[in-house]
Amino acid sequence: MAGAAGPPGFYVGLGLALASSAFIGSSFILKKKGLLRLCRRGRTRAGQGGHAYLQEWLWWAGLSCMGVGEAANFAAYAFAPATLVTPLGALSVLVSAVLSSIFLNEQLNVHGKIGCILSILGSTVMVIHAPQEEEVSSLESMAEKLKDPGFIVFAVCVLVSCLLLIFVAGPRYGQSNVLVYVLVCSAIGSLSVSCVKGLGIALKELFSGKPVLKEPLGWVLLVCLVICISIQINYLNKALDIFNTSVVTPIYYVLFTTAVMTCSAILFKEWQHMVLDNIIGTISGFLTIVSGIFLLHAFRDMPFTPDLLPLFLQQSRADLHASWRSADRHQSCQHQPLLPSEDKGSQSAEEEEEEEGESV
């Protein structure tokens, strides 16, 4: 299960990935609390063009948490396989949903609770069956990986597909089909994660005292990362502006994670030496997380009432209520106090005495 850096390095990467999800999920809550405090004070809201949140310490605390989370996520790629780190990013959505129900009084319906449980179970399965990546410990070995024909073909296909989506499909279907812009973000995101992985290796070498700053590959990866992230942010904002967040978020997570896992398997040969049960476990864990995220987002605003149950469950529920009511009535008759019956007995005795007096 451990990566090339050995079990200690793998668990360091796992811990960084989990810490990243916790910090990023908490950052949304802190930012929201800060914005709500400004709203209660009557300050101009951010949605109306106000910038009063820059004077709110809670907002800055949330921004700091997000920075720490992103830094931890960046460092996690240097220790653990990208196939493990990327899917675990879904836990930030889970943390945000749970903390929102606790601190922001936002309702988490039964679908959301089931989604949280499924996300935790899927993440656990993926950690257990995490793939072992081929050893990439230096920029030289990273350069050899980037020259691999399989990765070159993959990168060319990604770039050509993105160009077609941006310039051909975008003007025609971008306003009506959510997949157009989300596919651009996901495909480019797979390349950005590869750049992050290479920069993480470069930072490890830098801290070990190697002259990494003189290596041109590190600077090329940095420039490519900036370009990829800029494209991702641009087209993700377009998708969020046109379509509902509850639709964009799960679709983007599924496509982005799938693209990253595919790119990582091609570039780092993570799946080459995996046995069948680990392959099945990794795929099953990923699909479980996908199901959890879908339930958490797609049915977030849907109240769960008994009317939504199937007819046979509604009938059984009605029969159950009827049996409960009959049992309650029977129990109340059994535990009825004796005083009323005594009163009835005394009343009947008085009536008999009155009848005898009248007859006399």
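Backbone N, Cα and C atoms are what each Cβ position is placed from, and that goes for glycine too.
According to TrEMBL, the features are:
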{"type": "TRANSMEM", "residues": "12-30", "note": "transmembrane segment"}
{"type": "TRANSMEM", "residues": "57-79", "note": "transmembrane segment"}
{"type": "TRANSMEM", "residues": "85-104", "note": "transmembrane segment"}
{"type": "TRANSMEM", "residues": "111-130", "note": "transmembrane segment"}
{"type": "TRANSMEM", "residues": "150-171", "note": "transmembrane segment"}
{"type": "TRANSMEM", "residues": "178-202", "note": "transmembrane segment"}
{"type": "TRANSMEM", "residues": "217-235", "note": "transmembrane segment"}
{"type": "TRANSMEM", "residues": "247-267", "note": "transmembrane segment"}
{"type": "TRANSMEM", "residues": "279-299", "note": "transmembrane segment"}
{"type": "REGION", "residues": "328-360", "note": "region 'Disordered'"}
{"type": "COMPBIAS", "residues": "349-360", "note": "compositional bias 'Acidic residues'"}
Go through 111-130, 178-202, 217-235 and flag the stretch with the largest number of C-beta pairs under 8 Å relative to the transmembrane segment (57-79).
178-202
Looking only at residues six or more beyond either end of the transmembrane segment (217-235), which have a C-beta under 8 A from one in the stretch?
139, 142-143, 162, 166, 181-182, 184-185, 188-189, 191-192, 195-196, 198-199, 202
Among the recorded stretches 111-130, 150-171, 178-202, 279-299, which has the greatest number of Cβ pairs closer than 8 Å to the transmembrane segment (247-267)?
178-202
